[in-house]
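According to TrEMBL:
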| type | residues | note |
| --- | --- | --- |
| TRANSMEM | 359-380 | transmembrane segment |
| DOMAIN | 470-522 | domain 'PAC' |
| DOMAIN | 535-758 | domain 'Histidine kinase' |
| DOMAIN | 777-888 | domain 'Response regulatory' |
| MOD_RES | D828 | 4-aspartylphosphate |
Amino acid sequence: MTYQDVIKRYTMITVQLSRRIQTLFLLVLLLLLFFPWPALAQKLKKNVLYLNSYHDGYQWSDQVLEGVRKVLNQSDFKIDLQIEYLDAKKYNYEYIKPRLYTLYREKFKDEKFDIIIVSDNDALSFIQEFKEDLFGNVPVVFCGINGIETVDLSQKNITGVIENFDLARTLKIARKLHPDKKRMIVFGDDSVTGHAIANQVEQQVRVSDPDLDVEIWVSLSLEETKERVKQLPDDTFLFFTPWYQTIKGRFYTTEEVMKEIYAHSSVPMYTAWEFLLGHGVVGGRLLSGSQHGETAARMALRILNGEPADTIPIELEPTGLYMFDYDVMKRLNIDQKLLPEDSIIINSPTIFYELSKELFWTIMVSFLLLLTALLSLLIAMTERRKVERKALEQLSFLETLMDTIPQLVSWKDGQGRYLGANRSFTEFFGVESPEKMVMNTATDIISDPDYCRWSMATDYAVANQHKAFRKVRRKIVDHNGVRGWLEVNKVPLLDQAGKIVGVLSTAENITKEQNLEKQLIQSQKMEAIGTLAGGIAHDFNNILTSIINSTELALGDVDPDSQTAKDLQRVLKAARRGGRVVKQILSFSRPSSEGFRPTDISVVIQEVLSLIDASLPANINVEVDVSHNSMIVDSDPTQIHQVILNLCTNAFHALREKGGLLRIQLADAVLDQEKSGVMNIPQGNYVKMTISDTGHGIDASIIDNIFDPFFSTKDITEGTGLGLAVVHGIIKGHKGGIQVQSVSGEGTTFEIYLPKSGDTDILSDQDAISTPSEALSILFVEDDEDQLNSVPRILRDMGHRVEALRDPLVALERALSEPRDIDIIITDYDMPTMNGAQLAEKLEKFPVILVSGREDAISAGKNHPNIIRILIKPYDRHDLKKALSAVHDKE
């Protein structure tokens, strides 16, 4: 092969290869054309702002929006439609206009719209005034505009549809149907749109029917309208325009007024708007809001497709269809033959046979087939009922047996219909007799919707999935509204062949057992918290005692009017507040019985009411119902005062927003075994105090937690979560019981039971405190170094001689060696080598004041007669003086 042959062959191969590459490239290109990429197939997104003059629910503008949406959703664009309502019919437009401007300037500062569609005059006015500032040169399409004169034709980039209703044709048909009518009353409102429509009416009447007398009624109340219509002469008919306005404090709509006039008058009524048809008007040449919206949306799509808005002419020609109401024409004896040929008549009766013969015979054949099927079904049901009757006969003995047991027993068929139940079941659910339940379902018998749904679901599972449910505990509300618990069993009910034919249910009322379990859990929880709280309180009380006494000493060393004295007073106030918080903690953890005495509860109630009466707002009424009989209980009046105050405060918080009634009742009560068992207190005579309110109530999901310490639904600034925990602790400390009943949204009731006292000698809180006339020699024993320094100084300032010792053993030796030098011993209870009670026992000849940061010291101190007073930390100068006075009085 020559060199030339090689070159020639190489050239041929190159050409062939090039053609193949070209062919392959064309095939790939065709594939790309026939199978476009997903990204290329996506619609182009356009942002459209729709500005509505009125509010959502106004029928005209809702129909306009419906038409806009219909057209835009069918377009080739992905439309993001932003809808804004000006509410110009419900509120004063001139008042809200600047606020809307401020809102939209902030709201849409980062938004860019491709086009703006405005509906009705107020929205157009707003856009013409603020468009350039808010949205720039965005094209605008308007619709529903009354009067071309309201459009600023000097503005660029704007077009739309004028709401030119065809009054001429409406008047023509009205005069034809009522040739004796020579006067027309026009109903409108005082809005921008209302004035524009009124001007259009007057202009069209002058042109089309100048002999017709026209009177315009604006902004009349319903009562005024009805009264005026009654006085109209027979030559009058009415014309209604759309309106929605507040008149004398009440909103009125055109539809509402038309319905009232139609109900009480036979005056013919006409309109030019489709959405008002069906409310008592005869009809007319009617505008369609939906058609208006569609026309405006089609203009907007032309602009979005690149056509300038200024090149699209504004539509001025009136549109509409002849539409009439058959019911109104029948009432006014109007002949349908007088109507235009293309009229649409609503509410017209339809004759099936004339409407469609094919449809009529299809229905008749279907009816015969259904009748045959129904007869077959009835025969089948008859046979089935025979079987059910046999099953009922077999269950007769079981019914008699079931009526003798306390458990709730019922049985159903496979469709969930009751076949029977025992007496316990019917009594629990408030049914007259077992016979009344037969063939009823759970929804007919059980008033508790949650339990009913669960029961029906489990019945279905038993009957269709062969499941059995045993010892399932469920909450329930019986027919009297009382909450309780049932332990439920559900098993399949079998026939003689072993086939499942229904469900057998048994249930036991375990409300009492469930409440006792809750009481036990609550008691254990409170005991655990109380142990922790008691330990913390002891340490805090020691600290607070040192702070209080040291601060009182410091106050004696500075000028009372100085800033330092004011600062120290704040320290003292804060320390005492801390002491009250610690006492609250101890009240619910280990309530003390110190200070118990025969107390008239009604007096305490009056004291609390006098305290809170001035702070209650006028929208809260207080009702007190106190029996005239003696209401004496053995109690600490201070603690009972706190209980009543806490519950009244909670009621005030529940009522302060909407107001309501706070009721306090006091009465005798005798608790039987069942009632006392629920609260875990003895049977007997009690004073029952009921505090209830009509506030927002307590949600059922949290009612079991309301007595827990630090549990609160209030803001952190309104409560610590200790109020009800303290109430619970105090009542338990008084060997009483407390119950709460609440329905969310209706109110809350607390019932408190306190053992009634047989002692009627009431002690006064105002017992005189005598002050020892001579200085006393006091032996002060305290292991806390701060109190060892501060308390003796307080006592010396009071004029007494004080010897302070830290070690109780040294104090014991000192008192025994020189007893005549000691008048009183003040000793701490918690000390390392010997506690204060043990020291008092060894020094039984000396009067002793026992101090402690624990409530345990109270019970320990009662066993020693020489312990005259028990002083709980933190204490101050006043407390010391009272304690010394008590010892002095005892001596």
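Glycine is treated like the rest: Cβ placed from N, Cα and C.
With a cut-off of 8 Å between CB atoms and residues at least 6 apart in sequence, the same chain places V781, E782, D783, D784, Q787, G836, V851, S852 near D828 (4-aspartylphosphate), listed in sequence order. The residue listed as '4-aspartylphosphate' carries a strand DSSP state (E or B).
Taken through DSSP, the domain 'PAC' (470-522) splits into 12 helix, 30 strand, 11 coil. The residues of the domain 'Response regulatory' (777-888), classed with DSSP into helix (H, G, I), strand (E, B) and coil, number 51 helix, 26 strand, 35 coil. The average per-residue pLDDT of the prediction over the domain 'PAC' (470-522) is 84, rounded to a whole number.
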